[in-house]
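Listed features, source TrEMBL:
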- 11-46: domain 'F-box' (DOMAIN)
- 150-263: domain 'F-box/LRR-repeat protein 15-like leucin rich repeat' (DOMAIN)
- 409-561: domain 'F-box/LRR-repeat protein 15-like leucin rich repeat' (DOMAIN)
Amino acid sequence: MASASGLVNAALPDDLLAEVFRRVAAAGGKADLDSCALVCRRWRGIERASRRAARVPVDGPDGDAVVRCVADRFPGLADVFLDHGLYIAAGASAAAAERSRAQGWDNENPKLDEQHMQCSTLSEDTQKENGSDGVNPTSFTDAGLLHLIEGCKGLEKLTLNWFLHISEKGLVGIANRCRNLQSLALSGGYVQNHGLITLAEGCNLSELKLCGVQELTDEGLVEFVKIRSKSLVSLDISFCNGCITDRSLYAIGTYCHNLEVLSVESKHVNENKGIISVAKGCQYLKSLTMVWLGVGDEALEAIGSSCSALENLSLDNLNKCSDRSLFSIANGCKQLKSLIIKSSVKFTDRSIERVSQNCKMLQHMEINMCHIMESAALEHIGQRCINLLGLTLNSLWIDNNAFLGFGRCCFLLKSVCLANCCKISDEAISHIAQGCKNLRELSIISCPQIGDEALLSVGENCKELRELTLHGLGRLNDTGLATVDQCRFLEKLDICGCNQITDYGLTTIIRECHDLVHLNISDTKKIGDTTLAKVGEGFRKLKHLMMLRCDAISDVGLEDIARGCLQLEACGVFRCSQVTPAGVAALAGGSSRLQRIIVEKCKVPEEATGKCRMINDPILISYY
């Protein structure tokens with residue numbers, strides 16, 4: 001490697017090598033960038049200077065110190081995500097660190113040499129089981145933030161997640177020093193009116209996202225949109241305790257004529273005039289999300305008549321809106337590509353029929369908990385929306401006939417998610433599989449009548465399938481699952497809660513599907529060490545393995561995983577009754593890429609106690 005890098009160093013100037021690194025980053029090759037930084041000191045220096053994006057965990061006692069280190073080592077950062085509530089697995093693997101020391105790089109801490117810190121959170125179910133809200137104390141303060149903006153003077157995009165200890169001083173610092181900042185996202189902290197107004201005056205913001213911020217009122221938001229009226233193109237405000245009112249929306253419509261994206265969640269919008277103002281003033285609007293707004297049909301009619309460029313529309317808990325609203329949208333917004341309807345009590349099959357007739361460019365459709373919609377609504381979509389790529393249905397009282405049209409007309413369909421649809425059976429999945437042979441993703445969650453016949457049809461017809469999620473299907477057994485071995489490009493398999501699946505069903509897939517990267521066998525009672533031995537032999541590319549609450553798995557199986565899955569990055573063995581600290585230690589000694597293990601506190605091996613952070617229990621171990 002040293003001689004090869006010497007040849008390249010002699011031929012390439014710094015600016016050309018930096019351009020190579022930027023192109024690697026643009027292609028999503030973060031791991032490749034890390035490898036480049038380990039070649040030699042010159043490459044490391046150029047790579048650091050050319051890095052443009054970083055996601056930095058700031059939870060725990062060293063938040064300011066971590067941010068300071070990142071700012072000092074990567075001054076070229078333009079996109080920074082400061083996140084809280086994440087477990088840190090920062091730095092190189094033990095093997096990489098050893099190589100660094102062997103080459104004389106031990107004058108610096110190798111654990112901080114890698115700017116892109118890999119993070120993970122516990123799953124929601126494990127947090128709930130342990131009474132944890134997923135929040136860790138943090139020492140990230142104004143001092144750390146000010147050091148970041150001093151060190152990274154070219155910041156264009158900044159995200160602060162859970163910034164409770166950032167005061168107005170920190171926000172004013174951003175305004176004074178980040179003149180090129182175009183995108184700002186603030187979630188879970190305190191933003192006063194004066195701070196937001198100062199940001200508007202100091203930064204060239206075109207995108208603003210506020211989620212769960214406290215103390216801000218509509219007065220501050222109104223002044224913000226007045227100041228940034230010409231540049232603002234995207235505004236997302238949710239869970240902000242009343243800072244979005246009809247007054248705020250009226251100001252947005254009055255001043256922000258270039259707005260293209262608007263997302264609003266508020267229970268304090270009770271009149272139509274705010275949305276009507278948005279419709280009339282923001283005629284270039286392409287994406288609109290409305291959650292919990294107390295608006296009626298007049299507001300949506302204004303959107304339909306004025307926002308002809310609208311492409312994405314999401315309506316969530318708009319209980320005053322009826323079919324009249326969707327009629328207007330369908331008649332006026334014929335460029336619509338994505339329609340999401342959640343928790344509506346008044347939309348019926350008639351409005352979906354109108355959408356299917358007029359919105360011929362529709363590519364994504366989601367209907368969630370609209371209990372008065374029946375099969376006719378889906379029949380219209382399947383028969384007319386021939387460009388459909390994605391379909392998500394949740395908690396609908398529909399039958400198998402609703403899917404006939406999808407199999408006959410929607411040949412481009414690539415993603416289907418069906419959840420809590422109690423009346424559909426194997427026949428519905430067969431209709432989709434037989435016609436939609438380009439299907440890439442299929443999720444079936446808590447549909448109790450779906451079993452083996454559905455999977456037989458999927459295996460025979462959907463050879464291009466990449467992701468398969470099967471949750472809580474009590475009628476599915478080995479016969480059905482085994483036919484999925486015909487989907488040889490499968491990369492993700494999730495059979496959480498499928499209690500009839502045994503070692504036989506999964507080992508059949510292992511023999512044929514060698515590209516699997518993600519496997520979840522949580523809450524399965526009959527899958528044990530026999531399967532894990534085959535997983536270790538057959539899934540050499542496996543990176544994520546979840547085995548939560550699997551009582552048939554023991555230390556023997558974990559040892560097989562450690563020997564075979566050398567690309568493993570994350571593994572969950574929480575509440576596996578036969579797993580002991582020895583098994584966890586064996587697992588940790590396998591893949592040099594392993595970053596996190598989810599396990600109960602009592603099973604953490606002694607040698608790992610200094611490498612873990614936890615939210616109560618379970619614990620997550622970070623191995624370097």
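Easy rule for this one: first residue shown is 1, then count along the chain.
Placed from the backbone N, Cα and C atoms, the Cβ positions cover glycine too.
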For the domain 'F-box' (11-46), DSSP counts of helix, strand and coil?
28 helix, 0 strand, 8 coil
Model confidence over the domain 'F-box/LRR-repeat protein 15-like leucin rich repeat' (150-263), averaged pLDDT:
94
For the domain 'F-box/LRR-repeat protein 15-like leucin rich repeat' (150-263), how many residues does DSSP put in helix, in strand and in coil?
42 helix, 25 strand, 47 coil
